[in-house]
Amino acid sequence: MPLRLLLLLLWLWGLSLQRAETDSEGQTTGELYQRWERYGWECQNTLEATEPPSGLACNGSFDMYACWNYTAANTTARVSCPWYLPWYRQVAAGFVFRQCGSDGQWGSWRDHTQCENPEKNGAFQDQKLILERLQVVYTVGYSLSLATLLLALLILSLFRRLHCTRNYIHMNLFTSFMLRAGAILTRDQLLPPLGPYTGNQTPTLWNQALAACRTAQILTQYCVGANYTWLLVEGVYLHHLLVVVRRSEKGHFRCYLLLGWGAPALFVIPWVIVRYLYENTQCWERNEVKAIWWIIRTPILITILINFLIFIRILGILVSKLRTRQMRCPDYRLRLARSTLTLMPLLGVHEVVFAPVTEEQAEGSLRFAKLAFEIFLSSFQGFLVSVLYCFINKEVQSEIRRLRLSLQEQCPRPHLGQAPRAVPLSSAPQEAAIRNALPSGMLHVPGDEVLESYC
């Protein structure tokens, strides 16, 4: 028995050696750490034996990934891929790049794409293709939204009869959508392209544009936050119209302005401070420390949840109103469906679908499904809102019709020597709708003005 046991132990030991030889690249965590630690020691010894240059230069250092020698200011350093990588044999000919600034300080940017695991390149290329297509989609969506929102904002601003609290809130919402679209499109122009960087000029340009890129990132976060808060203002105001019997809008609009434009600063400013202190890397477009990202994400999720609850509450009110008025609205189910679809983009209800799915949970197909859903609807949301609440709005169409009739009266076109027949302004078919488009504080029956717009 002892001999058999000894032979078994020798066989297992030989098998382990064979596996270690055949799988030399499959290092354990402990082995990888030891190789990384030895690489750092060798780097430190090399730097101590090297005499620093006399001119302005970046100090030699080990940045926890690669060993950087002393480098002259305003140049790009290049070192071979670190040999402690498990796949070093496949990337031995690759290099890591880092920019030394004109002030003799290392830039936060580092390009190690040539040293990445080649086995992941295929999956990376597929993901890159999907992300590039999604970028094209939201670029088209935000550009279209930007154009239509600008036109809608001009229309609501020019016609004085459309000036009321409801449309003032719409105008601020349109502005927030425009700022969001403009900030995202501008940020994309300042961010580096997807995938590996080519050439030695890219780090220099990227380092020079770093401040502008981070500024654009901060403005983007503020504009996105303002967009969500103005969606919340729309929900709060609509709920106020339907529920509160005695309502006075004096002073309320100032509170709405403070909430819409002031609330985002309450979480964007702390995010900027914490990000600068604890994760001041690249253009701040990546959120490696999730706790910092939740400073912005938590208030946005709260606004989404509140708006969804308001949406459910409003639907309940509309159902009860429409059921009590079946004599006037016999097709109330169809009108309820139309009302629901109309309210969804105004309140951003679509955000609830993937709101419970966090960034940590979204992996693989779920991640791309979440990205595609949110990117498509969010980029075209401004376009839908401008169409639903401006271009096909009866009050807006009536004002445009009045303007056209007024212009026709000022510039008559005689036909066959016959004087043109004057058309009174009051003959417009939607004149009654305009007379009813008064500030909501003058309407004494709660919910009637909203219900009439759906019936």
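Positions of Cβ are set from backbone N, Cα and C atoms, glycine also.
Per Swiss-Prot, signal peptide is recorded for 1-18, and the stated evidence type is sequence analysis. Residues or ranges marked as disulfide bond by Swiss-Prot on the basis of similarity to another entry: Cys43-Cys67, Cys58-Cys100, Cys81-Cys115. As annotated by Swiss-Prot, transmembrane segment applies to 136-158, 167-186, 215-239, 252-275, 291-316, 339-359, 375-395. The feature topological domain 'Cytoplasmic' is assigned by Swiss-Prot to 159-166, 240-251, 317-338, 396-455.
A map of Swiss-Prot features onto the structure.
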residue : record         : Cβ contacts under 8 Å, 6 or more apart
Cys43   : disulfide bond : Phe62, Cys67
Cys58   : disulfide bond : Trp68, Tyr70, Thr71, Ala73, Ala77, Cys100, Gly101, Gly104, Gln105, Trp106
Cys81   : disulfide bond : Ala66, Tyr88, Val91, Ala92, Gly94, Phe95, Val96, His112, Gln114, Cys115
Cys67, Cys115 as disulfide-bonded residues, winner by CB count within 10 A: Cys115
Contact ranking winner - 136-158, 167-186, 215-239, 291-316 against the transmembrane segment (375-395), Cβ under 8 Å: 136-158
Residue distribution over DSSP helix, strand and coil in the topological domain 'Cytoplasmic' (159-166): 5 helix, 0 strand, 3 coil
For the transmembrane segment (136-158), distant same-chain residues with Cβ under 8 A (at least six beyond the ends): 167, 170-171, 174-175, 177-178, 180-182, 184-185, 188, 375-376, 378-383, 385-387, 389-391, 396, 400
Contact check, the transmembrane segment (252-275) vs the transmembrane segment (339-359), 3+ Cβ pairs under 8 Å, seq sep 6+: no
Same-chain residue ranges lying at least 6 outside the transmembrane segment (167-186) that approach it to Cβ under 8 Å: 138-139, 142-143, 145-146, 149-150, 152-153, 156-157, 216, 219-220, 222-224, 226-227, 229-231, 233-234, 237, 253, 256-257, 260-261, 379, 381-382, 385-386, 389-390
Cβ atoms near Cys100 (disulfide bond) (within 10 Å, other residues, all chains): 25
